[in-house]
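Q: Here you go, one structure.
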Amino acid sequence: MTDRVSVGNLRIARVLYDFVNNEALPGTDIDPDSFWAGVDKVVADLTPQNQALLNARDELQAQIDKWHRRRVIEPIDMDAYRQFLTEIGYLLPEPDDFTITTSGVDAEITTTAGPQLVVPVLNARFALNAANARWGSLYDALYGTDVIPETDGAEKGPTYNKVRGDKVIAYARKFLDDSVPLSSGSFGDATGFTVQDGQLVVALPDKSTGLANPGQFAGYTGAAESPTSVLLINHGLHIEILIDPESQVGTTDRAGVKDVILESAITTIMDFEDSVAAVDAADKVLGYRNWLGLNKGDLAAAVDKDGTAFLRVLNRDRNYTAPGGGQFTLPGRSLMFVRNVGHLMTNDAIVDTDGSEVFEGIMDALFTGLIAIHGLKASDVNGPLINSRTGSIYIVKPKMHGPAEVAFTCELFSRVEDVLGLPQNTMKIGIMDEERRTTVNLKACIKAAADRVVFINTGFLDRTGDEIHTSMEAGPMVRKGTMKSQPWILAYEDHNVDAGLAAGFSGRAQVGKGMWTMTELMADMVETKIAQPRAGASTAWVPSPTAATLHALHYHQVDVAAVQQGLAGKRRATIEQLLTIPLAKELAWAPDEIREEVDNNCQSILGYVVRWVDQGVGCSKVPDIHDVALMEDRATLRISSQLLANWLRHGVITSADVRASLERMAPLVDRQNAGDVAYRPMAPNFDDSIAFLAAQELILSGAQQPNGYTEPILHRRRREFKARAAEKPAPSDRAGDDAAR
């Protein structure tokens with residue numbers, strides 16, 4: 001039984017109430033009684049609106065399902081389909097042209113293009129790593145990944161391999177030549193660096209030279225005649241050459257260079273949503289407490305690395321000498337967003353007088369907004385660090401369907417600002433373009449938040465899940481691997497960029513693109529993810545600090561501002577392309593192809609769900625059926641479960657096929673997790689495993705889940721597991737894993 005405190009019409013879990021009163025409110029100048037009265041009023045006023053929006057989702061889906069069932073096997077008449085979607089209010093009139101008016105936004109969002117990390121906030125170590133990933137070692141990122149092949153004697157090994165190190169150095173020198181070229185010669189031939197008359201002087205074997213563009217010299221540390229680092233800038237991103245002739249690497253370098261540091265994760269999303277498993281008050285408070293520590297600057301995590309124990313804390317800002325003299329400071333940490341949950345879920349952290357749980361999205365806005373106040377100014381109580389230098393709070397809002405839901409979020413933020421005594425529009429919104437009704441009405445969605453919006457982002461993983469569920473009754477969908485080449489998804493990516501630029505995002509807000517999920521395949525990422533900035537994205541998601549440093553290379557190669565200028569005024573996608581349903585043209589799959597698809601998806605589902613339900617791990621590096629590590633979260637789970645639910649609905653497979661595949665894949669997943677002491681095998685007692693049953697339920701009842709979301713089943717099953725574990729002691733739980741080291 002949860003211990004609760006009554007406040008007005010609400011009953012608040014004691015653990016949350018005490019955290020807010022004793023930890024979150026001190027330092028904000030907000031009276032506790034006034035705050036809780038405001039919470040009570042916001043919940044009372046906005047809960048009916050929230051529920052009405054969910055009802056509208058269900059009503060629209062029911063009408064779409066009915067339309068497709070009536071169509072039977074006839075080809076889709078696109079004109080009739082578009083007219084139908086317009087008549088039911090799914091497809092709305094496009095508003096007149098406009099420009100967003102959001103003000104008070106940090107430069108990391110408005111003008112600096114670069115990588116964006118997403119990290120589970122329930123794991124303090126990962127959150128700290130992500131916040132500190134503003135700056136990353138290029139040498140480490142190259143040496144430790146497959147970007148440098150382990151051939152010709154360049155294996156990693158347990159100790160430093162000079163052959164590999166030399167290849168790293170050569171790669172980095174080539175990067176410098178390409179990004180901040182010298183007026184003559186190459187960084188590869190440099191023998192020293194000095195600063196003379198405010199200019200960088202680079203010594204070569206036979207002469208001295210400088211930068212081809214002297215304006216790319218941004219500063220230095222140490223003495224001008226013998227600097228310990230040289231700071232350069234390209235496309236708004238900083239590059240720092242560290243010089244230490246006595247270091248292990250520096251002793252092998254003619255110029256004494258020991259590393260090249262790149263400005264990497266410019267922004268980071270601290271996530272309360274898809275990458276976490278927060279199902280009750282205790283889980284929510286863990287996340288809120290970590291968010292508080294990040295904003296106050298006092299979050300710390302004990303780390304044991306190679307037998308050495310230390311305390312990880314937030315990095316301080318970085319101090320430099322300007323080329324012409326005088327000191328300046330650069331941020332030492334990534335600018336933080338916080339991702340709240342969407343409109344669907346409730347949480348028992350607060351219940352009303354009837355015992356009904358309060359909508360979690362309303363709670364998140366109130367409590368993450370309150371906590372973020374500590375990141376707006378430094379003080380003895382708030383700590384020495386600040387997040388936003390312009391006084392803004394940045395909240396990513398996911399899984400919104402259409403402009404009415406965006407408008408509701410803006411109203412919620414406005415009401416929260418009143419409760420917190422903040423100026424209107426302090427709380428900015430990042431709009432995830434990851435639901436089909438938002439995509440086809442994106443211009444209207446942006447207009448609904450024109451004075452708050454700071455980013456739009458194509459979440460293609462969730463977006464694919466909604467694409468499948470929306471048209472569940474239309475027929476069997478193409479295989480998961482084929483989905484990325486479908487007309488709708490190509491149009492979707494272009495449409496997002498074009499809509500953002502048309503609304504004036506360039507120089508005002510981020511245009512973002514999705515995650516690289518193959519966490520170990522960094523060479524492939526370096527080869528292919530450059531397509532995102534080339535497409536006009538000013539940021540794109542990466543799964544780790546190392547990936548952020550490597551993806552930063554792309555923003556030196558691509559001038560995103562120039563790309564956006566070239567795309568301005570274009571409209572590359574049509575509504576017909578966006579509405580093209582990814583149906584299989586014919587059921588031409590051989591039985592072994594069907595079995596392969598089912599096994600691949602069942603293995604992926606089991607590999608993710610077993611850690612979610614049994615260990616509370618919301619974001620995992622899950623080996624696929626071929627043992628390739630993939631970053632999995634609820635978005636990838638949504639795709640896999642919805643595709644199989646669709647095939648089940650249309651007779652491509654049977655429930656017996658699903659069960660047989662799950663039973664085949666469970667032992668494989670058990671073997672892949674054999675090294676985890678907290679892991680509980682699913683085989684051979686499948687029906688005794690709550691995780692196995694959750695995976696099965698996600699598929700068999702996938703067609704009936706609201707918009708295909710996995711949260712209702714996951715939350716219920718995780719609570720079931722927690723209740724069972726409370727009755728019978730089990731191995732220790734964990735709040736995160738290795739998704740973002």
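Glycine is treated like the rest: Cβ placed from N, Cα and C.
Per Swiss-Prot, acetyl-CoA binding site is recorded for VAL118, 125-129, SER275, LYS305, ARG312, PRO543, 618-621, ASP633. Annotation source Swiss-Prot lists active site, proton acceptor at ARG339. If you look up Swiss-Prot, you'll see ARG339, GLU434, GLY459, PHE460, LEU461, ASP462 marked as glyoxylate binding site. Swiss-Prot lists GLU434, ASP462 with the feature Mg(2+) binding site. Residues annotated as cysteine sulfenic acid (-SOH) in Swiss-Prot, with sequence analysis given as evidence: CYS619. Under the heading active site, proton donor, Swiss-Prot lists ASP633. Taken from Swiss-Prot, the feature region 'Disordered' covers 718-741. According to Swiss-Prot, the compositional bias 'Basic and acidic residues' annotation covers 722-741.
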Q: Let me know the DSSP-derived helix, strand or coil state of VAL118 (acetyl-CoA binding site), please.
A: strand
Q: Using C-alpha atoms only, work out the spacing between ASP462 (glyoxylate binding site) and ASP633 (acetyl-CoA binding site) and round it to an integer in Å.
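A: Rounded to the nearest whole number, the Cα-Cα distance is 10 Å.
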Q: Give the helix, strand or coil assignment DSSP yields for ASP633 (acetyl-CoA binding site).
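A: The three-state answer is coil.
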Q: Sort the recorded positions ARG339, GLY459, PHE460, LEU461 by C-alpha distance from SER275 (acetyl-CoA binding site) and give me just the closest.
A: ARG339
Q: Give me the non-local Cβ neighbours of GLY459 (glyoxylate binding site): same chain, 6+ apart in sequence, Cβ-Cβ under 8 Å, ordered along the sequence.
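A: PRO398, MET432, ASP433, GLU434, GLY514, ALA635 - these are the non-local Cβ neighbours of GLY459 (glyoxylate binding site), listed in sequence order.
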Q: Just to verify a number: CA distance, ARG339 (active site, proton acceptor) to GLY618 (acetyl-CoA binding site), in angstrom, no decimals.
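A: Taking the Cα atoms only, ARG339 (active site, proton acceptor) lies 14 Å from GLY618 (acetyl-CoA binding site).
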Q: Which residue, out of the recorded positions VAL118, LEU461, CYS619, shows the minimum number of other Cβ atoms inside 10 Å of its Cβ in this structure?
A: LEU461
Q: Find the one among the recorded positions PHE460, LEU461, CYS619 whose C-alpha lies closest to that of LEU128 (acetyl-CoA binding site).
A: CYS619
Q: In whole Å, how far does the CA atom of PHE126 (acetyl-CoA binding site) lie from that of LEU461 (glyoxylate binding site)?
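A: If we compare the Cα positions of PHE126 (acetyl-CoA binding site) and LEU461 (glyoxylate binding site), the gap is 22 Å.
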Q: Would you measure the largest Cα separation among ARG339, GLU434, GLY459, PHE460, LEU461, ASP462 for the glyoxylate site and round it to whole Å?
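A: Answer in Å: the longest Cα-Cα distance is 17.
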Q: Could you state the whole-number distance in Å separating the C-alpha atoms of GLY618 (acetyl-CoA binding site) and LEU461 (glyoxylate binding site)?
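A: Approximately 16 Å lies between the Cα of GLY618 (acetyl-CoA binding site) and that of LEU461 (glyoxylate binding site).
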Q: In which DSSP state, out of helix, strand and coil, do we find LEU461 (glyoxylate binding site)?
A: helix
